[in-house]
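For reference, the structure discussed in these notes is given below.
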Amino acid sequence: MAQCCINPSILSADFVNLEAELRRIGGADAVHVDVMDNHFVPNLTIGLPVVARIQKVSPVPLDAHLMIADPDRWAPAYAEAGVASVTFHAEAAAAPVRLARELRARGAKAGMALKPATAIEPYLDLLPEMDMLLIMTVEPGFGGQAFLDVTLPKIRRAADAVAGSGLPVAIQVDGGITEETIGRAAEAGATVFVAGSAVYGTEDPNEAIARLRAAAAR
Ligand SMILES: O=C(CO)[C@@H](O)[C@H](O)COP(=O)(O)O
Ligand SMILES: [Fe+2]
């Protein structure tokens, strides 16, 4: 399987020292930034002004995961701020194709996320419009939850559809990714792995990234 990316989530980092926390993950492919609005999910994190500042100081590209209502209105501004990859939720978007096109037109990669109970099939025709599918492997809203094995068949179906299409669409998984679970997600076809507590919950985040990379390749 093609190996790609380990994207640590700063949801598990020290929010008072974000710049220093970013320097601790130089071995990452991108930094995953969880934006929560307390409407789409029952939690509140950071919004555009903070993400735009992180974008200016981060040594690695930003991978924004927008767990927000009305992404059609808010997501394009993240692309304008220079975020490399902007992911909105299919459940929240009124016009996912138009939104993906707006993100791409602003120079960002367009990602679409699905909660665990959202089927992939209604969205497969949209693959040419997307750069990434994010299959949530926990219910969105909080870090530190256990990986849901019931999402594995959906990862597999998404990966099969991408392979069949011949399109360069990444399959990201997010939630409960650890050294123990990452192999199952990789085997199912995931190519981009978000890990919050498994990276920032350790003494040496760069070493944790290297261990996750090795476990995904096993
Ligand atoms: O989007 C989310 C949670 O909604 C994630 O990005 C979490 O931040 C991942 O944290 P861990 O499950 O890896 O601790
Ligand atoms: Fe996330």
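Even glycines carry a Cβ here, placed using N, Cα and C.
Note that the coordinates shown come from a computational prediction; the quantities given were computed from them, not determined experimentally.
Feature annotation from TrEMBL assigns active site, proton acceptor to Asp34. A strand conformation is recorded for Asp34 (active site, proton acceptor) in the three-state DSSP classification.
Secondary structure from DSSP puts Asp174 (active site, proton donor) in a beta strand. Cβ neighbour count for Asp174 (active site, proton donor): 27 (other Cβ atoms within 10 Å of its Cβ, all protein chains included). The active site, proton donor annotation in TrEMBL covers Asp174.
Reduced to three states, the DSSP call for Gly141 (substrate binding site) is coil. Summarising the annotation, TrEMBL assigns substrate binding site to Ser9, His65, Gly141, Phe142, Gly143, Gly144, Asp174, Gly175, Gly176, Gly196, Ser197.
The Cβ of Asp34 (active site, proton acceptor) lies under 8 Å from the Cβ of Ser9, Ile10, Leu11, Thr45, His65, Met67, Gly143, each on the same chain and at least six residues away in sequence. Here TrEMBL flags His32, Asp34, His65, Asp174 as divalent metal cation binding site.
Listed binding-site residues: Gly141, Gly143, Gly176, Ser197. Those with a CB atom under 6 Å from ligand 2: none. Fewest Cβ neighbours within 10 Å among the binding-site residues Gly141, Gly176: this applies to Gly141. In the three-state DSSP classification, Ser9 (substrate binding site) falls within a strand. The Cβ of His65 (divalent metal cation binding site) has 26 neighbouring Cβ atoms from other residues within 10 Å, across all protein chains displayed. Cα of Gly176 (substrate binding site) to Cα of His32 (divalent metal cation binding site): a span of 14 Å.
With the fewest other Cβ atoms inside 10 Å of its Cβ, the least crowded of the binding-site residues Ser9, Ser197 in this structure is Ser197.
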